[in-house]
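To keep things clear, I will list the structure first and then write my remarks on it.
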Amino acid sequence: MTDKSKDNSKSLLYCSFCGKNQKEVQKLIAGPKVYICDECIRLCNDIITEETIKQNNITDTENKINYLPKPHEIKKHLDNYVIGQNYTKKVLSVAVYNHYKRLYNFNKKTDSVELGKSNILLIGPTGSGKTLLAQTLAKLLDVPFTITDATTLTEAGYVGEDVENVIQKLLQKCKYNVKKAELGIVYIDEIDKIARKSDNPSITRDVSGEGVQQALLKLIEGTLASIPPQGGRKHPQQEFLQVNTSNILFICAGAFSELSKIVSKRLDAGTEIGFKANIKEKKQKKSEDFLLKQVEPEDLIKFGLIPEFIGRLPIITILNKLTEDALVNILCKPKNALIKQYQTLFELENVKLEFNAESIQLIAKKAMNKNTGARGLRSIIEGILLNIMYELPSMVNIEKILINESVVNSNSLPKIIYGKNKSKKASGE
C-alpha cells in the first residue's frame, strides 16, 4: 500500500508557484519544465489589473489636467445649460481653470512659486442656478462630484453627520478611488444655515453653526483626512482611508436672505456725513441684487460666518434673482430645458406635447409669484400635466396634446388631437 501511494504521488503534477497538485486545482497549464494552476493565473491577473488601473488613473489625471478646457470653452458649455448669470459663469470658468492648472503645477513638483487653492462662495436666491452651475462644471470636467446639505452637519460627537462624511460621499461617487476623489468637487449647499447664532459667545455650544464652520476649516483649506469608508459612527473598527483634500475644490452656496439688509446698513452708515446729508438718496430703495453686489467680508462676518471660514473662500460671486423673461428662457432654451424633458417623456408614448407662447409666459409668471425661481417651474408643470399623464397610458390613437393659457390658469383639460384613424376630438375647447 505504501509503495502504491508513493508511485501515485510521483505521477502527480504540481503547480510550480503554489505547490498544489493537479487534483487540488481545476486546471494545470504546462510549460517547458514548469506548471501553473488556474488559481495562480487568477492571482497574477488581479495583480496586473490592479497595477494597470493605478497607472491608468495617473495617466487619466494627467490627461484631464493637460486637456483642460479654456475659460471661454467652459463658459460656452455653461451657457448651453444655464440661462443668465453671465458674470458668475465667467468667475466660475476662470476659477475652475486656475484650480486645475494649479494641480498641473503641483504634479510637476518644481521649485516654482506654490499656488494657493481658491475655493468658491456662491450667494444667490433659491432657484437662481447655484447647484446647476456646479453640477454642469463637474460633468464637463468629468470629475467626481458630490452635494452635501450643510444643515445636516454637526461637530464630531453630536447627533448628525460628521464633516468627514462630505469626503466619504465623494469617495462613494468614484468607488473609493482615492486618487480620483482628490481631484473632485464638493458642493456644500445651505452654507448660510450654519451661520453663528449670535455675535456674542454663548455658554451653550453651537454644534450645528459655528462648530461646523470650525470643523470644516481644515478640510476646505487642505489636510490629510482620515475617512471611514462606511461612516465612522456605525463602524468604528474599520480601516480608515487617507485622503488629501488640498486639491479638492470646495464650492459653498447659500441664499443669505438677510445679507442685503446688513449691506444696506453699512452703505447707509457711510453716507451719513453732515446734517441731513443725502436724505434723498437714502430714501431711494436699492434692489437686493444691487446690494448683494456690494457685499464685503465684514458683511458676511456680521451675518454669522467666522473670519477664518470666509478666508478659506476667497472667490465670492453673486447670482441675480431670475426675471420672468429668464424663467421663460429656462423653460425652452437650455439643452435640458424642462419643456424639452416633458416633450421627450410624452414621445415615449408616441405623443407630441406642445405649449403655446402664452402658456409658457403664464408658467413663468406663476413661478415669479411663488418666489421659488427656476426650482418652482417643475412643480407647476407637474400640476398642469398630472391629469393627462394619468390618463394618457390608457388612451389610444393620440397624436398631439396642446397646452394653452386656459390649461395653466384654470387647470382645465388640454386640447387632445387624435390620429387619422379616428374622427378628430378635442377636450377643453
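Glycine too: its Cβ is placed from the backbone N, Cα and C atoms.
Some features that Swiss-Prot has for this protein:
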type	residues	note
DOMAIN	2-56	domain 'ClpX-type ZB'
BINDING	Cys15, Cys18, Cys37, Cys40	Zn(2+) binding site
BINDING	Pro125, Thr126, Gly127, Ser128, Gly129, Lys130, Thr131, Leu132	ATP binding site
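Here the features listed in Swiss-Prot are placed on the structure.
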residue	record	Cβ contacts under 8 Å, 6 or more apart
Cys15	Zn(2+) binding site	Asn21, Val25, Leu28, Tyr35, Ile36, Cys37, Glu39, Cys40
Pro125	ATP binding site	Ala255, Ser257, Glu288, Leu319, Lys321, Gly373
Gly127	ATP binding site	Leu322, Ala367, Thr372, Gly373, Ala374, Arg375, Gly376
Ser128	ATP binding site	Gln85, Leu319, Asn320, Lys321, Leu322, Gly373, Ala374
Gly129	ATP binding site	Val82, Ile83, Gly84, Gln85, Leu319, Leu322, Ala374
Lys130	ATP binding site	Leu122, Gly124, Asp189, Ala253, Leu319
Thr131	ATP binding site	Ile147, Tyr187, Asp189, Ala253
Leu132	ATP binding site	Tyr81, Val82, Ala374
Pro125, Thr126, Gly127, Ser128, Gly129, Lys130, Thr131, Leu132 excluded, remaining Cβ within 8 Å of their centroid (ATP): Gly124, Leu319, Gly373, Ala374, Arg375
Assigned element (helix, strand, coil) containing Lys130 (ATP binding site), judged by DSSP: helix
Taken over the domain 'ClpX-type ZB' (2-56), the model's mean pLDDT: 81
Sparsest-packed of the listed binding-site residues (Cys18, Cys37, Cys40) - C-beta count within 10 angstroms: Cys18
Cβ neighbour count (within 10 Å, all chains shown) around Thr126 (ATP binding site): 15
Where Cys37 (Zn(2+) binding site) sits in the secondary structure, as DSSP reduces it to three classes: strand
Cα distance (Å, whole number) from Cys18 (Zn(2+) binding site) to Thr126 (ATP binding site): 63
Sorted by sequence, non-Cys15, Cys18, Cys37, Cys40 residues with Cβ within 8 Å of centre, Zn(2+): Ser16, Phe17, Gly19, Lys20, Val25, Leu28, Tyr35, Ile36, Asp38, Glu39, Ile41
Cys18 (Zn(2+) binding site) in three-state DSSP notation: coil
